C-alpha cells in the first residue's frame, strides 16, 4: 500500500529489511558483543520434533553458554516444514555457528515493509461468473500480513459449514480477538523479538487495517452498500467469497515484519494446510537463497502451495521488482476505470481537478489563497515553508487560508489543519494516478497546474480558492500504476518479472476501526471500509484468482495455476505503458479464462533447482532452499534451453559486445483442455528480431498429454536500455495461450 513517495503509509511502510549472509567481514570491534537475532537453518523437516528442539538447544550451548541461557536466547524452533531455529547471537557467535557441520546457513533477522467492489467486475469476475461452490468452500487461503478484524461484515460465515477435514490449524484464544468462525478458520501471530510498542496487542487482531483490507479483497463475503463515506458505493466482495481464510500476523504496525516471524508464518501455513499464500510484503533486492520470503515460498511450493506476492512500490524506476523468484507469482499494480478527484475553483474563474479523497464539503464559497512561502515565519524559513513544514509557518498567516504547498513529506494537510487552515493544495508529480485520503480539505495537483496557481497568487493581493468535496470520475483503463515496481528482474537476466498485473489503485475493501483512515495525529475519520492503493492491494486480487482456478482444478500444481493465470491474461497497451512487460508481465488478470487455459507450462521443484544451477548457484547457496549441502549442480541434469526453465514467458537479454544474439528456448506444455486438440503457433516478432517455433503445430489425443517445442530467437544489437516485445500464441478453436517474448538490451553488462 502507498501513501506518498516520502511518507509510505506514514508510520508503517518506512520499515525496510534485507537478509545478510554472515561473514567475518560484517563483524567489527564495536559490535562484536552486541547481540541480534539470527536464523540458523539446518535443512529439511525433521522426523522427531522433540529431539530436534533439543538439538537446537545443544547447538546453542556449544557456544560456551549454559542450557538455561540457550533456552532463553532461542525464540523459534522451526520443525513443521523445515529444520531451523532463531536465536539471539553476537556476530562472533553467528560466525562460529556457521562453521558448525550441522548448520546449512545463518542469516541476520531484519525487517521488511508492507507493499500497501468494482475491481472484480472490471477484471471480468462478476457475481454471475461460473463457480464450483462446493470446491470453493474447500479452498484455504493463508494471508501473511498485519492481522485481521474478525468482527468485519466481510468475514461473516453465513451458509458455510465447518472447516475442511484437511485443516490442521488453530485459533487462540487471544486477547482482544473475538475468535474465528467458519470463514476465518485460523489465526496466529508471531512476535518474539521482545519489542512490543505501546498500542500493539499480542494477538492476530489488526490495528493497522492492511491485513483486513487484503484478506477481504481475496475472499471477503458480499457486503451490500459498502463505501467510504458514500464514495465508491457498491457491493464489496472478494474473488472467492466461499473460500476459507487463515491469518498469520507477521507484521506489526510500529515495528515491521521480521524475517524470523515471516519464516514462522510460512512454516505454520504449510503445516496447517493452506493451498494459496498471499503475502503483500517485500524488502530490498536479495538473491534467491538469502531472502526469507524466497526460502519460505520455496518450501511452500514443494508442498504444493502457490505463493502470490506483491512486486513492490518502488516504480517507475527500472530494476526495482521484488519477490522475483520463479516459484512466486509476482504481481504488479494496475488501475481500473475510476478515480477520485476534487475540483479546485480559483477566484479568477479558473477551475482545475486535483487528485485525492477529501470528504469535506466547503463551509464557504471561497477562502484566501496563500503559498507556503508567503506564510513563512521569517525570511530564513521560506525554503522550508514552501513545503509547509510546521516549524517554518506562521500560524496567523495560515489560519483560515487555503495553502499551496510543495510535496516534501506526508501529512501536509494535518499541519494546515492544526494551524487552523481551511485546506491544502499539494503540488507534486509523484503518484498522481492514485487517490490519497486526506484528513482535512486537500487535494494534489501536478507541477504544471501548481505553477498556474502560483502565478495567480502572485498576480493579485486577493487570491482565493475553494476545494470541493471529492467525486468519482471514469477514466481509461487498464494502465500500470506509476508506483508499481518494474523489471528487469534484478535476480536473473533470463527471467521476466513481474508476472502479471492486477487492480491495485483505489481499491475499496474492509478496514479496521482501531485506526483512523490516515493514521495521522488529529484524524477523526474512521470507517469499516476504506480505499487503498499499492501492489499490496494487487496481490490479493491475483491470490483470489489463483484460489478461483484451484476450485476448478484442485489437483493442479503451483506452476500450473501460475501458468494458467499468466497465459490467459488480457494484453495491456504498450503505448501508454512504456516499460511494456517490465511493467505488467503477461498482462491484466483474466479470471474466467484462467480457469480454462487449454495448455499449461508445468514444473516441479527439480526444475527450479536446474534453473538455479544455470544461474551459478552451488551446493552452499542452494542449501537454504533444498535443505542440505549435499545437492551438487554437477550431479543434476542441466535444464534445457537458454533459461533452463519451463516458464510461460520468455526473456532474452542481449550482450552489448555482440552484433547479434541467438538463443534457443525449450518448452513443454500439458494439455488441460479437450482431450483431442490441435494448437497452431502464431508468432509476432518486433523489428530487428527473428522468432521461429518448431514444430509449428501441437496435436493432443488425450488429457494431460505433454508436447515439447522450441523457440529460436535471433536479435540484432539494440540501443542500451531498449526493450522490444514479441509474442507467441498457441491457438486452437477454443483456446488461445499467450506467451510474451521480451528482448532487452541492458544499459551495461
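Each residue, glycine too, has its Cβ placed from N, Cα and C.
Marked as signal peptide by Swiss-Prot on the basis of sequence analysis: 1-28. The annotation domain 'Inhibitor I9' is assigned in Swiss-Prot to 38-115 on the grounds of sequence analysis. Look at Swiss-Prot and you will find 119-595 tagged as domain 'Peptidase S8'. Taken from Swiss-Prot, the feature active site, charge relay system covers 145, 210, 536. For 176, 225, 233, 446, 458, 618, the entry in Swiss-Prot reads N-linked glycosylation site.
Helix, strand and coil counts from DSSP across the domain 'Inhibitor I9' (38-115) read 28 helix, 28 strand, 22 coil. Reduced to three states, the DSSP call for residue 233 (N-linked glycosylation site) is strand. In terms of Cα spacing, the recorded positions 176, 210, 225, 446, 458, 618 that come within 10 Å of residue 536 (active site, charge relay system) are 210. Contacts of residue 446 (N-linked glycosylation site) defined by a Cβ separation under 8 A and a same-chain sequence distance of 6+ are given as 427, 428, 429, 432, in order along the sequence. Counting other C-beta atoms within 10 Å of each candidate's C-beta, the recorded positions 176, 225, 536 are led by 536. Of all the recorded positions given, namely 145, 210, 233, 458, 618, the one with the smallest number of surrounding CB atoms inside 10 A is 458. The DSSP secondary structure for residue 176 (N-linked glycosylation site) is coil.
According to DSSP, residue 458 (N-linked glycosylation site) sits within a helical segment.
Inclusion criterion for the recorded positions 145, 225, 618: a C-alpha placed within 10 angstroms of the C-alpha of residue 210 (active site, charge relay system); this criterion is met by 145. Between residue 225 (N-linked glycosylation site) and residue 233 (N-linked glycosylation site), the C-alpha separation comes to 6 Å. Mean model confidence for the domain 'Peptidase S8' (119-595) is a pLDDT of 93. Nearest by CA distance to residue 145 (active site, charge relay system), out of the glycosylation sites 176, 233, 458, 618, is 176.
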